[in-house]
Every structure is written in C-alpha cells, then in structure tokens.
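Colleague: Below is a structure I'd like to ask you about.
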Ligand code: NAD
C-alpha cells in the first residue's frame, strides 16, 4: 500500500504574490475573461531610480527608490510613498495594485500607484531627509504630475515630505503645482481632514460593521498594532466614541491596560520617549501577543504579513479592520472566515485616506477649499456606501468580504479596460 503524503504548499509571503493570489480568487469569482485578467495582473509601469544625496558630513550616499503605476484606465495614478529599510520593488508593486482596486471600491476616478525608498529614515537628519526626498522627486518627476500620478504620505513619510516633493516639482515647472501631491500642509493647498482621513474612514467602516452585526461600539474592546498616522488617530476617534482601546503598539513593542488607554497620555509619552512602550500604568506586551489578545475589534495599522496561517487560528476578534495594507496573508483568510471573524478588508477599511486625497486634489485643481465638516461628511457618505456595496456583493455571491471588495474594485477597472480596448 502506498501512502501519498500531501505536500504542503509554501505559504506566500512576497507581497506581490499575495496581491496576485487575491486578484486570482476574485477574478475567478467574476469569471473575468483571460485577456483582461492577464493585463490587470501586472503593473503598467515600474521605475527604479538611484537616489544619490549628500550626508551632513559631506560624504555621498546612494539609495534605491521606486515608483510603480499599476493601472491608469480610470484616471491618473494615485498612491503613497514609503520610506522603509525593507521596501522592495515587489512590495511597491503590490501596494500599487492594491491602490488600483481600492480606488475602484470607493469609485474614485483614479488608477493605482505607489512609491518607496529602501532607506531607514530614522537614521537620517532632517537635512539629509530633505536632500534625499528632493533628489528622489527629481528622478521620478518624468512620470508624476497632477494629471499623471499624484503621490501622498505612507509609512514614515508625512506632510513635510509632501511639501518638499511639491516644492521640488514646482521649481522644475516654474509655477506652483500643488496638485502634484496630497497630504500636504494646509498652508500649501492641503485639505482639512486629510491627516485624520484614513483613521476616520476606518472608524466609519467599523461603525457600519457594528450596525450590520447588531453590536454597540460603545464599550467594545480594541487593540491597535502600529501607532502612526492611521493607528494613533484611530485610537483618538474610537476612544471618543466610547470604545475601550486596551492595547497599542509600534515598532519597539506594545502596551496593554485592561482599564483602557487614554490616547492623550499615550501620544504624549510617544512624543517624549519615541515609543508607546513604557507609558505609565501599562504592561508591556509584544506585537505578536497584541494580535492574539481577546478583544472585540483588532486593527492592524503597521505593515504586511502580520496575520498568517500560523497565528490566524488564535486571532478571533468580532471585527478585524485592516487599516494597514496587506496585513493578512491569503492562507490566513479562510481560517479567520471559518472562525466567524468579520473582516473589513484593507482596500475598504483604509480607503478614507485616498478618498480625502482625492478631495484635496479636486480642491487644488479648482483653487476652492472646503470646510472640515464638508470633507468629513463627503468622506462618510462614500465610506458608508462602499461598505454597503461590499457586504451586498459578499451576501449575493456567498464569498467573504475580501473577495467581495476585490470583485467590486476589479469589476470597475475591468469594465473601463474592456471599453477602452487595447491600443496598438
Ligand atoms: P506611519 O509611518 O505614520 O506609522 C507607522 C507605524 O507603524 C509607526 O507607529 C511604527 O512604529 C509602526 N510600526 C512599524 N513597524 C512595525 C512593526 N513591525 N510592528 C508594529 N508596529 C510597527 O504610517 P501610516 O501612514 O500610519 O501607515 C500605516 C499603515 O497604514 C500602512 O500599511 C499604510 O500603507 C497604511 N495606510 C496609510 C494611509 C495614510 O493615509 N497614511 C492610507 C492608507 C493606508
């Protein structure tokens, strides 16, 4: 008698392979025709540049940067720029593809792009960071612009970095071009509400999930991994709505308090100490332990590949809201689904950022600026509508929410691609 050993497939960790796997699952569910499928699986354009810049001691350094445009069928490419030592071209390709589907989910007239520099920005002085950002902008200036491709902040980039990009691009043009980036300082044509938009959109999606599941957000326990733009502001907003955030973390580790964490106190501690770790009245936990805490709502708001087939069986929040891009691998998805975790997938949960980036761009092009209330109301309308769209596709097609969100986003991009046809 021969025993056939089932060979376990190697788990996928490369972010671009993850993105392609997620795409394939939704493309199958949509019964997408072969031509559209092979076109949308790959990015349209990848630009890798060497970025030489001068260090403060007068020596020179060269780092590698990327800008990837995944698809521009529905409008200019849109997506953030990340400065991180683990940036790779494949990561940027994945992030660009996710931007395409995200803009499709919330129905913005954009395609997807992303940029990144393989560098540890924490090891650079402000002046070094500025010189590197300006040189990178100069190198990718051939493909960006208000009608072509509009960058924004992402991990370890912020409004100041966007100001340098805007200024560098503007100096090359010879006239002010604020629409080349979003997430800028307000005084340079930024939008009110943009800084809070990713967390506000995520909070809004969580409120919709609570309504859908018949739960009360007030009093629910929350854990947040990552304490930057998305994570720390989500702490503020959820705390203000009466939820109890019991654990948060950053790259140095996490903290826990069963009584709940006050956002003001944690943010003040991070400001002074450089990390949430050590905030008074809290216990230290690891990032891995945070993910497995018994909480009602879990918000990954840091990097990719945090929830895998290894830890997924022990991750059982009522709601998993992916503020980060790509925090869950395709092998973890069915485990979470089987365990009854209600997933708000990244391309829906964090779409508030690109939505208000779109509002910022519209305001820049019109030279007419909106109040914060107008911005927030328009954002909430889009988030609530998109949540309802995703849940209705999931129910109609008996698929989980990630596949439903992909079906919505890919479906819109596929339609545009079909109508435009192949050029040449
Ligand atoms: P950020 O740079 O403001 O913050 C990143 C946070 O993650 C920091 O607190 C950092 O310490 C923490 N971190 C880094 N490595 C970590 C690790 N290994 N474990 C735990 N924490 C770690 O970045 P951000 O803009 O808040 O982005 C966070 C996530 O949200 C990313 O996946 C990003 O793509 C996504 N996102 C951001 C926006 C936006 O508008 N900023 C929009 C959509 C999606």
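Even glycines carry a Cβ here, placed using N, Cα and C.
Small disclaimer: the values here were computed from a predicted structure and weren't measured.
Here's the feature list from TrEMBL:
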BINDING   78, 102, 357  substrate binding site
ACT_SITE  114  active site, proton donor
SITE      154  site 'Important for catalysis'
BINDING   198, 229  NAD(+) binding site
Colleague: What are the other residues, in sequence order, whose C-beta lies within 8 angstroms of the center of the C-beta atoms of 78, 102, 357 at the substrate site?
Modeller: 79, 99, 103, 108, 110, 112, 152, 351, 353, 354, 355, 358
Colleague: Given the substrate binding site residues 78, 102, 357 in the record, what is the largest Cα to Cα distance, rounded to whole Å?
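Modeller: Per the listed residues, the maximum Cα distance equals 13 Å.
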Colleague: Report the recorded positions (78, 102, 154, 357) that meet this criterion: Cβ distance to the nearest atom of ligand 1 under 6 Å. Use sequence order and write none if nothing qualifies.
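Modeller: So the answer is 154.
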Colleague: Cα within 10 Å of residue 357 (substrate binding site): which of the recorded positions 114, 154, 229 qualify?
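Modeller: Hits: none.
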Colleague: How long is the line from the C-alpha of residue 114 (active site, proton donor) to the C-alpha of residue 78 (substrate binding site), rounded to the nearest angstrom?
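Modeller: Cα-Cα, rounded: 7 Å.
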Colleague: For residue 154 (site 'Important for catalysis'), just give me the three-state DSSP call.
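Modeller: Looking at the DSSP assignment, residue 154 (site 'Important for catalysis') belongs to neither helix nor strand, so coil.
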Colleague: Starting from the Cα of residue 154 (site 'Important for catalysis'), work out which of the binding-site residues (78, 102, 229) are within 10 Å.
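Modeller: Close binding-site residues: 229.
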Colleague: How many Å lie between the Cα of residue 198 (NAD(+) binding site) and the Cα of residue 102 (substrate binding site)?
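Modeller: Taking the Cα atoms only, residue 198 (NAD(+) binding site) lies 13 Å from residue 102 (substrate binding site).
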Colleague: Check each residue in the chain of residue 78 (substrate binding site) that is at least six apart in sequence and keep those whose C-beta is under 8 Å from its C-beta; list them in sequence order.
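Modeller: Same-chain residues close to residue 78 (substrate binding site) (Cβ under 8 Å, separated by 6 or more) are 99, 103, 108, 110, 111, 112, 113, 149, 150, 152, 354, 357, 358.
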